[in-house]
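Have a look at the structure below before the remarks.
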């Protein structure tokens, strides 16, 4: 697909017509292609667009759609495939489609298509062109207009309503263009009578007809011209293009007589219908009043019945809740057992979790240690390899620097020899004739020039030696740097290079002495000195310009990446020196005519060294040729030098050439300003050198000689002739020097390119270094990922331990939520029943409003009021729905609050458990403290005994010991007595303390028993809460299901109300249009009667013109048929050429793809080679690392032995954990005791359930007794309904009699009919289709209403005459289909009903619950009988469960059915004892 066709196809396929047409695939049986479309969407967008467009343009889908629109038109929906190819059957399908569509417009819709027929050849053989897209768009527009005017238009309108609003608006505009005759697309064949039209309207009609005829004539001319062109292409020798000689108008004038007759007939028919409708209006008003009174009475009765139905539903809900509670008991027991099992598993998981935590901690510590050692070894290896590479690079660069230095010295020697030769030639050329006064000054000038050359050479050698020393210092600094840095690859770390680069611009001062000295001589010596200065300048400049040739002599300089930037300051001096050239070249042409122009370049030249020497010969050439060449010739050369300059701009960090080229444009002005500032600084330096006495002596000599030469007088004619020849020779030499300068400039450019290549190589190396660092970082990240994986595993183990707690918390939260939701359940159901009643009332009211709107024209106001009331009720229902949503949100918030409360309860429970553990720990601590205190008391007693012994010993050695020995023995006895007394006292104190500690221990044991009792109570409470939560969860699920049903019903009601509102708007628009048409017809009748004669005359003229046009049309048609055959052959050749072109394009695409694949493979091959080199280098590194890792492995084995020791210690700790597990088993025994208590409670609940079942049987017997009363009332209601049906039948027969009398004259088209007659037929059909004998007639309660109309809902097509093709479509088939669907549902439900006993008549089953779907039956499906007992099927005095379920179902059916029916006002309400 070409580039221009893609957007056009995309716009067309995203438009409204294509969206509508492709969406009809599901209606015509092509929905199975959806999977293919999804596969196409996954392909490339152009191919997907082509496939979707070709699916539309092949005509198969459109023919199927047209088969639904016009099934009885010409031929069936036949599709021809496999003729000569896809293009041929595409042309055949589209031709067939166009013929059937044109016939449908002309025969069925009485419309003539004015738009030209589509170019079928373009659509068939070039379907992707813009012309084909436009032709297909026109066909789709006509198909859309036919779909909304056919018999099955409701089907297509529903499809259009299912699209987006934007697409609907666009489709509405397209439908308006196609369906309105005045839009220029179609023309009405049966219009009003020209005599009945006003003059203005008649003139407008005639103008539109003339415009249509002229358009048709233009299209005919275009078609004839195209046919002639095709004939010329087919047979260029036989046929010649013939211009259309005449252009008679061609149009549908032969239909004008038919239009006039149709208009008159329509006017008469409208008058007759107006009279009939006026009579019908009076009759229908009386009927409407009676029906309104009846409707009011029925509403009151329905309200009374709805209250009783609500009470019955409440009773039924209570019984269901009791049954569900009884059925949840086994499930609660099973949940309790599962919870206990999960508790045991949780304890086992906890112990395993602790073991895993300890083990993972040890593994993490060892892993961290190993990672640190590995990282240190990697860093050392990296530093070692980097330092080795840097040493090798520095050695190679040092050798290159020595080689460059030798080459530079050799070049300096050559330049000195060339300068001497040039000096000798200059002397010979400047020698005056013998005897002239100029010999003395020339003899004095030669030594000064030689001295200058030697001084320049010496300065150059000094600068080279200084640079050599600086390079050696830089090398030493680089060798002394640590291995972690990369001085060669990272430019910002090259700090030692910066002083060299800063000093580099100052070196050219030595080279500028000689030209500056000559300039100074020129300033002081006058014009004669200027004749001497140019040769000297040329010699010096030539010597300085040939110096840059040295770098080219060594072709191996490009091997080092940063050689030109860091190790060769000469290149850095040469490369940026062209930046100042624009200043010199701009000033030199301005002063080319004067001989003192040398002052401006010398004073303005920037201090950039050899750059000024390169540019000086050009300036000198400008002086010598200034009288002949214009100023404009030098300006391009200057600008060329300026453009070369910024490429070599110097800088301390040596930026790459790519950056300099990017900055070339905006930095030119800055280069000029900086060049001027540097020039001023350089002038100051040169003035300082000029003042040097070593330069002043030869200068004074030359000045004296020049002055003598100037003042001696004019030069003879021979000297002038020789001077002219010498000037020519000098010019030639200057030209040679200029060429040499250009060659040097080229060499500088080559060096610049080499520098760029070196910079790129350095960038590549830096990228490789970055890649290596990234690989290292990835290795670190992998290690971190492994650590994170271990942490994740630990978290997963912890989550497994916390899963039980979270599950229990969620279950408890659901319990609380469902408890809150259960309180609102009844309110929901009450609201739902009320909404259902309101929706049914709204349905009936809408149907009544629709029937009144279609039958009576003057009931528009009353319908509007009814509609407003309905909208108000709908808004109230929406508000109620919003309130229910708010309540639901409130319930959700309460659920969240209950969950929070449950969490708080769990936290309190945990805190109590922690408090219990704390008390145990406290008791143990107190016991330990008591033991320690007892030991301390014993120690104190021992210390006191020792003190007493010491005192006794001191007393024995005191003054008492000095007495007689007789006193020693009594004192010893006394001390022993005192000591015994103290020991007894201390023992008594210890006994008292022991008794106190035993009392505290008993008190703590009592507290422990109370805490255990509270823990048991909390466990019981948690179990009860779990039971309550499960019960509330079931209630919540029931409530959610009911809420969803209510929401769905509310949405259905809103959709129905929207559809009713839309139909009302349509009917109102039709009524207003009919009123306007009636008024317009009355006016047109008065106007057209006056102008009928003139129109008849014009009609005769138009008929004559029409005959002439028909003759011309027949001739053109014959020629068109001849040309069509020739065109088919030409188009077949075009198709073959197009296929060949597409094949060639595919070959070209395939060739380009292969070329791209080849380039990609080459790049991958290069990259693989580079990777192979890197891998070989890394392999050597890894071999070194392997030796280190072996040593580490030995160390790790030692650490492993240590870890095994630690694991032995952990096993001992696990034994302690086993002891704690034994304590947990005791707790499990307590839980088994609780289980036995729970089973006892379950047995009590079973007894209660049996009692409830007995009560339920009693309630069922009462309901059977109340059933007789209900059926007696039902018979009375049926009698009243029969009376109402008889009255309604009389009204229907009266309406039929009126329509038989007032039936209008049938139209000539037999396929159209009156939808009102069809409706009356359907009103009469229920009488013929009676119910079965001996029972209640099915659907009899709605026989006379509009709800009983319509056929089966599967066809969605009209019945009776419409099915045969002889009837007209009814304005409300959708409503009839819905009402018939309701009747069929009721009939099927009544047929599937089962009898309870023979004494109850057959009625309709409940629509709220299907058979086998009640809560009781679901309960019986889960449990075979009450509490496991078998189901009783007997019909004796003991009513079984199944019969009771049927009785309840029938009772629900009658309660729901008797709501909208008629009943007596005196009927008593149901007794409150009714329960289900």
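Every residue gets a Cβ built from N, Cα and C, even glycine.
Note on 436, 1410: Swiss-Prot annotates phosphoserine at 436; no matching annotation appears for the rest, which is not proof of its absence. In summary, of the candidate residues 596, 911, 1063, 1408, the record from Swiss-Prot lists phosphoserine for 596, whereas the others have no such entry there. Region 'Disordered' is the annotation Swiss-Prot gives to one range among 825-866, 867-908, 951-992, 993-1034, and that range is 825-866. Annotated range for region 'Disordered' in Swiss-Prot, selecting from 377-401, 402-426, 427-451: 427-451. Looking only at the coiled coil (720-1303), the predicted model's pLDDT averages out at 80.
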